[in-house]
Amino acid sequence: MKVLWAALLVTFLAGCQAKVEQPVESEPEPELRQQTEWQSGQPWELALGRFWDYLRWVQTLSEQVQEELLSSQVTQELTTLMDETMKELKAYKSDLEEQLSPVAEETRARLSKELQAAQARLGADMEDVRSRLVQYRGEVQAMLGQSTEELRARLASHLRKLRKRLLRDADDLQKRLAVYQAGAREGAERGVSAIRERLGPLVEQGRVRAATVGSLAGQPLQERAQAWGERLRARMEEVGSRTRDRLDEVKEQVAEVRAKLEEQAQQISLQAEAFQARLKSWFEPLVEDMQRQWAGLVEKVQAAVGASTAPVPSDNH
């Protein structure tokens with residue numbers, strides 16, 4: 001009987017243990033859960049997920065990993081993944097800072113300082129991983145030809161610790177970014193509320209103006225056309241009257257100019273006649289005097305010629 005009870009007790013305990021262990025096995029590991037969140041998150045989280053996957057592969061310390069560690073290929077790949085992660089993280093942080101502009105300056109400075117510290121811790125963790133692998137490569141090269149089992153064991157232990165620290169700091173950074181994003185969203189909502197308060201009166205004025213325009217649009221088309229026609233007719237009459245007045249002014253100005261020109265021409269003609277008479281009074285006495293002198297000279301010449309042609313008396317008679 002005791003044996004039967006002991007068998008039943010063992011069976012019961014085994015069943016309880018199976019029930020207890022079953023949900024534990026079904027729960028995903030924290031690292032796997034975190035990796036799933038990274039793969040479906042922001043660009044910086046995706047880049048960090050690639051770094052995490054590569055680090056898990058390095059931690060296997062397979063023959064291929066050890067070969068690439070000795071050739072510095074692993075450290076180069078980790079450096080590339082680190083730079084990519086930090087670049088995406090800085091870009092995401094800059095976007096959030098732009099969205100935080102409506103938030104108070106003190107709150108924005110505090111959040112930025114906390115986020116900067118978390119970002120620095122994550123970068124230091126990744127740098128520690130890379131430095132530890134560089135150190136391992138140097139140690140292996142120094143022990144060329146000797147057993148490196150102890151070095152691999154120490155490296156595996158260090159990598160496990162670094163992975164836990166990296167996971168913790170990445171989770172902390174994720175939470176701080178979530179707070180940062182919530183603050184940005186709250187600031188954006190405040191900014192929208194302020195814009196609505198400023199634009200509310202303008203929108204109301206626009207609504208009233210639209211209603212006024214709508215009431216004007218409801219008038220009969222014929223009345224509006226007549227009103228426009230009367231305005232246009234009055235405008236044309238005003239323009240025509242101004243044009244006629246301007247033409248009259250131009251005509252008067254042309255007549256004045258013509259009268260002045262005729263007067264000036266008459267004055268010039270009189271001045272020319274007076275000048276001509278003056279010239280004539282100057283030169284007529286000179287001409288008459290020259291004519292008299294010329295006539296006297298001709299008479300003298302003729303007299304001299306006549307005297308020279310008379311016959312000379314002869315002494316023989």
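Cβ coordinates are placed from backbone N, Cα and C, and glycine is handled just like the others.
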Given ranges 44-56, 57-69, 278-290, the stretch to which Swiss-Prot attaches the annotation region 'Specificity for association with VLDL': 278-290
Summary of DSSP states over the repeat '2' (102-123), given as helix, strand and coil counts: 19 helix, 0 strand, 3 coil
Chain-internal residues, separated by at least six, CB under 8 A from Arg233 (heparin binding site): none
Position of peak Cβ density within 10 Å, selected from the binding-site residues Leu162, Lys164, Gly229, Arg231: Leu162
Cβ neighbours of Arg235 (heparin binding site) where a neighbour is any other Cβ within 10 Å: 10
Helix, strand and coil counts within the repeat '4' (146-167) (DSSP): 19 helix, 0 strand, 3 coil
Secondary structure content, the region 'Homooligomerization' (266-317) (per DSSP, counts of residues): 43 helix, 0 strand, 9 coil
